[in-house]
Amino acid sequence: MASSTMALSSTAFAGKAVNVPSSSFGEARVTMRKTAAKAKPAAASGSPWYGPDRVLYLGPLSGEPPSYLTGEFPGDYGWDTAGLSADPETFAKNRELEVIHCRWAMLGALGCVFPELLARNGVKFGEAVWFKAGSQIFSEGGLDYLGNPSLIHAQSILAIWACQVVLMGAVEGYRIAGGPLGEVVDPLYPGGSFDPLGLADDPEAFGELKVKELKKGRLAMLSMFGFFVQAIVTGKGPLENLADHIADPVNNNAWAYATNFVPGK
C-alpha cells in the first residue's frame, strides 16, 4: 500500500490519468492533475532592489512602506502616498503603463537630442530641432527622412499617421497577444524575438536590468517633460538651451525664465 502511494506521488505521473489494478484498490480509478501556481516575478537573490530589505525612497529616513509594496516588483522603493497601488488590478495596469511610457520616453529623449547633436557637428538636416522637424512635411518639398531624399519622402501627414498606426499597432498587438503562437508569458518582458541578445537569460542579471530600465525611464520621462517646457518657453532645442545656460548661467536658467516669461511673447 505504501509503495503504491509513493509511486502515485511521483512527478512522472503529473497530468496523467493513472489506472490502478483492482487488486490494489478495488475498482478505484485515480486521476492526478498537475496544478501550476501563478508565476511570480523573479527577483535577484540578495539584491538591494528587491524584498523587504530593499533600498527605500529616503534611505534610512524612510518610513514603513505600505503593506502592499513588498519589494516583489522592480522599481518599488516603498513610496505610494496617494495609494495608487493599493488595488492589485490598478497596480498591475499602472506597472505596465509606466514601463511602456519609460521605453517611449527613452526613445523620445534620444530622438530629441541626437539630431540636434549631429546638426551641431556638421550633419545637414532640413530641421534638427525636435518640435520643429515635423512641420517640414507641410513645406513645398515635403519631409525627407534623415534629410536624405533617397530615403522616405513624406508629403502627407495623414499617410504618416496611418503608417504609424499600422506599424506600431502591429508590434503592440504582437507583444500583447504573446507572439504568433502565444508563447509569451509576460507581455512586459516578452523575451524571444524581443531579446535577440539574450539579456534575460540570467535571472539575477535580468532582475537588475529591470530596475535599471525603470530608473533610466523615469529620468527620461522627466527629461521629456523638461524638453516640452523648454520648447514652450524658449523656442529652442535642448542642446541649444544647454549651450546658452553654460555661456550665461545667471540669465539662462529656469528661475530667470520663470520670472520673465510672458505667454505669447
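From the backbone N, Cα and C atoms, a Cβ is placed for every residue, glycine too.
Copied from Swiss-Prot, the annotated features are:
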BINDING   Tyr57  chlorophyll b 1 binding site
BINDING   Trp79, Ser85, Glu98, Arg218  chlorophyll a 1 binding site
BINDING   His101  chlorophyll a 2 binding site
BINDING   Arg103, Ile152, Leu181  chlorophyll b 2 binding site
BINDING   Gln136, Leu146, Glu213  chlorophyll a 3 binding site
BINDING   Ser156, Glu172  chlorophyll b 3 binding site
BINDING   Gln164, Arg175  chlorophyll b 4 binding site
BINDING   Gln164, Phe261  chlorophyll b 5 binding site
BINDING   Lys212, Gln230  chlorophyll a 5 binding site
BINDING   His245, Ala254  chlorophyll a 6 binding site
MOD_RES   Arg33  N2-acetylarginine
MOD_RES   Thr35  phosphothreonine
TRANSIT   1-32  transit peptide
TRANSMEM  99-119  transmembrane segment
TRANSMEM  151-171  transmembrane segment
TRANSMEM  219-239  transmembrane segment
If we check Cα distances from Trp79 (chlorophyll a 1 binding site), which of the binding-site residues Tyr57, Ser156, Lys212 wins as closest? Tyr57
Among Ser85, Arg103, Arg218, Gln230, His245, which are recorded as binding-site residues, the nearest neighbour of Glu172 (chlorophyll b 3 binding site) by Cα: Arg103
With Cβ-Cβ distances below 8 Å as the criterion, list the same-chain residues six or more beyond the ends of the transmembrane segment (151-171) that contact it, or say none. 137-138, 142-145
Given the binding-site residues Gln164, Arg175, Lys212, Glu213, Gln230, find the one whose Cα is closest in space to the Cα of Arg103 (chlorophyll b 2 binding site). Glu213
Could you state the whole-number distance in Å separating the C-alpha atoms of Glu98 (chlorophyll a 1 binding site) and Glu213 (chlorophyll a 3 binding site)? 11
Same-chain neighbours of the chlorophyll a 1 site, Cβ within 8 Å of the mean position of the Cβ atoms of Trp79, Ser85, Glu98, Arg218 and not counting those residues, run in sequence order as Gly75, Asp76, Tyr77, Asp80, Asn94, Leu214
For a quick check of packing: other C-beta atoms within 10 Å of the C-beta of Ala254 (chlorophyll a 6 binding site), how many? 12
Hey, does DSSP put Ser85 (chlorophyll a 1 binding site) in a helix, a strand, or just coil? coil
Ser156 (chlorophyll b 3 binding site): tally of other CB atoms within 10 A of its CB: 12
